[in-house]
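Asker: Would you mind keeping the following structure in view while I ask a few things?
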Amino acid sequence: MAGGLLDTADLDCYMALRALCHNWRAATDDPTNTMDHRFRPHNWVMLDYPSHGDDTRVLVNTETGRFHVRDIPMLRRYFIVSVSTDGLLVLAEKEPPHAACVLNPFTGYMVRFAARMRPNVMAAAVSGSSPLYLVIYCSDSNKLYRADPSCQDFVRYKKKYAYPLVRIPMASRWWTRNWDKKGAREQEAAGGGGGDLRQPTVAQGLSFDFYRQLCPRAESIVRDFVLDAVRKDIGLAAGLLRLHFHDCFVQGCDASVLLDGSATGPGEQQAPPNLTLRPSAFKAVNDIRDRLERECRGAVVSCSDILALAARDSVVASGGPEYRVPLGRRDSPRFATAQDVLSGLPPPSSNVPSLLDVLRKIGLDAADLVALSGGHTVGLGHCTSFDDRLFPRPAPTMSPDFLGRLKRTCPAKGTDARTVLDVRTPNVFDNKYYVNLVNWEGLFVSDQDLFTNATTRPIVERFARSQRDFFDQFGVSMVKMGQIKVLTGDQGQVRRNCSARNTGTADGLQWSSLVQTVVDAAAESLGF
């Protein structure tokens, strides 16, 4: 009877029978090879029910309609990357280096891999032979990669693969997408501070395939560099993300923050809000610039596009969401004044009303403010940025345990020390930042006030409950932020060195534009 159930892919019935028939189970050994094809949930797809918790999944049999709600505790430590063709979960560890693993959601049997999971996995399959190996299809390269449990990296798989790689994963995404629409409608009806999560309009001159002809491998070059660099230095993830933020909020997303000072004055890097930007982040951008110039045979990809891509990839490298980045920005030959930097970057002592005043002037709203603040789920904060909350009197909006922790790190006002922004998972991009705020463990005034303010509190509470909601909004808000006052077309330039404007510019103008301006003025004065 048991063999018949397995042969007809009724895995859940087999497990129920084995659980109920105690004499049979006592007289026989548990199956030893539960990755055998007969123990795989071939006819099952997985739904996500956020109301059931982050580690609970609903499995539905597409042939019989049977369903099971299963607790899968290991999902607290793993991201779901894909579902194999025969129903196995393909996972990646939340902690770097994000090693791959394969889980049978019915039997609980897991195979861990030494290799780091690759990004942009669209489909996966697991071999039925020994040794076991995992094959993944990546959309960014349109290629197959393969690894067995002992491989240190996924390697290009050039052979034709016999399994239908997209059958079950596509079905799973269909079910999940329809449930998400239902959940979004319920959320909208219930309020909760949510907004319309339709993708923002792409700015004129930008496109998702801008470099398809000019440099087809541009995105994958940036991605590979960032993943490798973050694996070696997890702090670089926060550094690259913050660099993009500080660029866009001052003069727009034009890579002006990368420019060194000149005879006209100090660059943006010398302004007080930028003094704590990580030098390794600046170096990483220039290293990426060099790689792209070799690959693309010249200065093709702008430094501002590199910043946008590197920020996205650093989020992915630390466990955060994937989102598409519109490209085609141009670089400014001018840097902003120190006063412009100070007015564009509110200090960490700012409250929500003052933050919203700044954001609304550049087309962002309360949902964007809360989502973008979630970037503080990774990185470090300097004592001097929050010690006003400790001395002379502790802020009332801080838990006693958190206060004690901070005072041990910063024992006196002006202490030159740093502490993590997220006390729960400091090196993982997740929604624990919002859990911290709900528990009065926000580091800066600008963090904790998101929870005390009536406008933003419902959004904080929603993101604390649902990482999916946070990730969805974060991707939308990053795209919106990444299009602030962008230069496109014949505006600006594509810098050959990200820290210096190209030669042949004068006072921030291309020589060709300057000459044309002079010619036009002369023609007008002569009556032509």
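In case you wondered, yes, glycine gets a Cβ from its N, Cα and C as well.
As the structure is a computational prediction, the values presented were derived from the model and not from experiment.
Annotations for this protein, taken from TrEMBL, read as follows:
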type	residues	note
DOMAIN	205-502	domain 'Plant heme peroxidase family profile'
DISULFID	C215-C296	disulfide bond
SITE	R242	site 'Transition state stabilizer'
ACT_SITE	H246	active site, proton acceptor
BINDING	D247, V250, G252, D254, S256, E268	Ca(2+) 1 binding site
DISULFID	C248-C253	disulfide bond
DISULFID	C303-C498	disulfide bond
BINDING	P346	substrate binding site
BINDING	H376	heme b binding site
BINDING	T377, D422, T425, D430	Ca(2+) 2 binding site
DISULFID	C383-C410	disulfide bond
Asker: Looking at the binding-site residues D247, D254, S256, T377, which has the shortest Cα distance to C215 (disulfide bond)?
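Answerer: Nearest by Cα distance to C215 (disulfide bond): D254.
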Asker: State the Cα to Cα distance, in Å, between H246 (active site, proton acceptor) and S256 (Ca(2+) 1 binding site), rounded to an integer.
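Answerer: Distance (Cα to Cα, whole Å): 10 Å.
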Asker: Mind giving me a neighbour count for V250 (Ca(2+) 1 binding site)? Other Cβ atoms within 10 Å of its Cβ, every protein chain shown.
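Answerer: By my count, 26.
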Asker: Could you check the disulfide-bonded residues C296, C498 and say which one's CB has the most other CB atoms within 10 Å?
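Answerer: It comes out as C498.
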Asker: Which residue among the binding-site residues S256, T377, T425 has the fewest other Cβ atoms within 10 Å of its Cβ, if you could check?
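Answerer: Among the binding-site residues S256, T377, T425, the lowest count of other Cβ atoms within 10 Å belongs to T425.
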Asker: For C303 (disulfide bond), what residues in its own chain, 6 or more apart in sequence, show a Cβ-Cβ distance under 8 Å?
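Answerer: Expected: A255, L258, V285, R289, D331, V494, R495, C498.
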Asker: Provide, as an integer number of angstrom, the distance between the C-alpha atoms of H376 (heme b binding site) and R242 (site 'Transition state stabilizer').
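Answerer: About 9 Å separate the Cα atoms of these two residues.
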Asker: Would you kindly give the Cα-Cα distance separating C253 (disulfide bond) and D247 (Ca(2+) 1 binding site), rounded to the nearest Å?
Answerer: 6
Asker: Just to verify a number: CA distance, G252 (Ca(2+) 1 binding site) to C296 (disulfide bond), in angstrom, no decimals.
Answerer: 26
Asker: Quick check: in three-state DSSP terms, what is C383 (disulfide bond)?
Answerer: helix
Asker: Just give me the nearest neighbour of C296 (disulfide bond) among the binding-site residues S256, E268, T425, D430, Cα to Cα.
Answerer: S256
Asker: Other than T377, D422, T425, D430, which residues of the chain come within 8 Å of the Ca(2+) 2 site, judged by Cβ distance to the Cβ centroid of those residues?
Answerer: V378, R424, P426, N427, V428, F429, N431, K432, Y433
Asker: Considering only the recorded positions D254, E268, T377, C410, D422, which residue has the minimal Cα-Cα separation from P346 (substrate binding site)?
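Answerer: Checking each of D254, E268, T377, C410, D422 against P346 (substrate binding site), the shortest Cα distance is to E268.
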